[in-house]
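These notes concern the structure reproduced below.
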Amino acid sequence: QDEETQHSLECIQANQIFPRKQLIREDENLQVPFIELHGESTEYVGRAEDAIIALSNYRLHIKFKESVVNVPLQLIESVECRDIFQLHLTCKDCKVIRCQFSTFEQCQDWLKRLNNAIRPPSKIEDLFSFAYHAWCMEVYASEKEQHGDLCRPGEHVTSRFKNEVERMGFDMNNAWRISNINEKYKLCGSYPQEIIVPAWITDKELESVASFRSWKRIPAVVYRHQSNGAVISRCGQPEVSWWGWRNADDEHLVQSVAKACASDSRSNGNKLMNGNCSRDFSNGGDLSDVEFDSSISNASGAESLAIQPQKLLILDARSYAAAVANRAKGGGCECPEYYPNCEVVFMGMANIHSIRKSFQSLRLLCTQMPDPGNWLSALESTKWLQHLSVLLKSALLVVHAVDRDQRPVLVHCSDGWDRTPQIVALAKLLLDPYYRTTEGFQVLVEMEWLDFGHKFADRCGHGENSDDLNERCPVFLQWLDCVHQLQRQFPCSFEFNEAFLVKLVQHTYSCLFGTFLCNNAKERGEKHTQERTCSVWSLLRAANKAFRNLLYSSQSESVLYPVCHVRNLMLWSAVYLPCSSPSTPADDTCAPYPAPGSSPEDQPLGRLPKTRSFDNLTTACDSSVPTTNRRSSDPSLNEKWQEHRRSLELSSLGNPGDDPFDGDGLSKQGRAPAGAELSVAAGVAEGQMENILQEATKDDVGLEEHLRGSLETVGKGDEIALDKEKRTEN
């Protein structure tokens, strides 16, 4: 009732809580050059050199003669004056915007306005998502029954934990239980309120384990392989410190995960679910090791051999040196001597400071005048693709352990909220086709990133007073880039297309929606963001045709085994390069509500004119360098290239798929400087790759022409579909 009262007051008082601001025009003849969203008010409209520039409480809009820049304020990382007449805007998604003014005074005025507009909010309600939701509720109050639910995510998101436990088939009688020890976040503020643990582990033991794990982030099970019962768990690092501390309950819990997998596999595989061979541990009853071993010994000889606990893999995302160095700060890693039947592997993934530096180098490269002869080596020097490769390899190692070796895996880094969700979410995406559907992907993001406390506010820089630049890092963007790489290698395996990921990147930072606000679920609950903001999934819903992959087949590979070498990865041109986005829906039409009388499934999604960085990057490339057609270098082009690719991988990695298509056909119009969209890596010498490509294609010209025609047909199909929706919207 209190929530309903608060909701009603918000609807009635939206114009008092979030009043419109007075519009200031530099010229009385100027008009606001865009359609405002609900709750949006334009504050300034003026003239730049050959452009009209407008600033609202949500966006910066620059209308040039042949193009438009339309960027949410929270997507802008910094604004500076590069010369006395030019503003240089750096965006968090790698784009750079340049705007020229006629006078120094005018340039300085807009510099001050923009710096004031993009600074982190002093209170969370200053973010536009709250005004947007309040005005939406007021506008549609009379149509609440028809439209009110469209601002919320679907039931698959709101009931995700219960649904996932049932879907993955956890044996909640013998092997596992749901612990409520974190109810109201009393144990760990960055963990969900319900967690899955071995059935015989008591809450008292969990409290002891929490005192030994970084930020009290205890090992919690997040995935179960439905065929063999192997699980993936995640946690924070153990607090070993220089003193070499141990915790018996932590050691017992880690070993119990492997034992619970064995019990779960037996119970589900042999249907031993009757009263004589199952016990209820829902209240955390303590099952000793002796009882567990006794229950195993009661089975037949062959059965007993099959259910012995597998050796658990502890995957530490850091390098060994970094893990040891963390002991100086009270952290550390598991000592194999104290964790019997466990194997510890270090992946050597870079920390957020190295990733931030790499991303800044990539952004600088993508916005400078290109040097065609050195572009690929410059791309290599950013190390961005190398970081993606290590992340993909880490996730693939988890997949091998769970799917092929039937081993349980425990993943952690230092704190468990950056590299850990990257690895775990990517592994789950590779293992389970459900997460490659639109609804499943939403559940994946909600559970692994939001429920387990990735610090979106700090990493994206839109939290209250989040001025610390050392806390910012595109961790989630890096993970989405890996998802994009998987889409390229397995174009028929994802229900959503590249435009879905591009739009998700933008709205991670835009603060139009409240999904990615705050640092954890506890903070979002305290700020009531779910009740006071719209969900991004109301835009990126399964019914939205603009985000459907036309090549998707539900019968595609069950488990994906991608190629992880740098040479097989591609620069994500739709995000990092100008003029290459497959679809840039106008935020004017991103309201979660359809027009009255229309069906939500038929709601069109408009597109803006192509946005570019105003340094003539693309023009320079087009005029000086012949455009290289990247299709001839796609890793899935023909059999010879497939053979070469397989020769580069270990035989155990398997076939990543021979589908000739290299994506959903949406990005064919984007161009990269000097062949930037080549799937060749910066890690391969240009001459060597040229020889490879010549060898791979010299006998298959006919096949290549056939594939090129197929790709163009697919690409045109998507463009026609999107253009049709645009015309409908207009």
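Cβ atoms here come from the backbone N, Cα and C positions, even for glycine.
Marked as domain 'Myotubularin phosphatase' by TrEMBL: 155-576. The feature substrate binding site is assigned by TrEMBL to N326, R327, A328, K329, N351, I352, C413, S414, D415, G416, W417, D418, R419. According to TrEMBL, the active site, phosphocysteine intermediate annotation covers C413. According to TrEMBL, the region 'Disordered' annotation covers 587-676, 710-730. What TrEMBL records for 614-636 is compositional bias 'Polar residues'.
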Report, as a single number, how many Cβ atoms besides its own are within 10 Å of the Cβ of R419 (substrate binding site). 28
Among all the protein chains here, how many other CB atoms are within 10 A of the CB of D415 (substrate binding site)? 18
Maximum Cα-Cα separation (Å), residues N326, R327, A328, K329, N351, I352, C413, S414, D415, G416, W417, D418, R419 listed as binding substrate: 21
Close in space, distant in sequence - N326 (substrate binding site), Cβ under 8 Å, 6 or more apart: Q237, R318, G332, C333, S414
Taking only the residues in the domain 'Myotubularin phosphatase' (155-576), give me the average pLDDT of this model. 90
What residues, ordered by sequence, lie under 8 A Cβ-to-Cβ from W417 (substrate binding site) and sit at least six positions away in the same chain? S190, R217, F452, G453, H454, K455
Please report the number of other Cβ atoms within 10 Å of the Cβ of N351 (substrate binding site). 16
In the structure shown, which of the binding-site residues A328, C413 has the fewest Cβ neighbours within 10 Å? A328
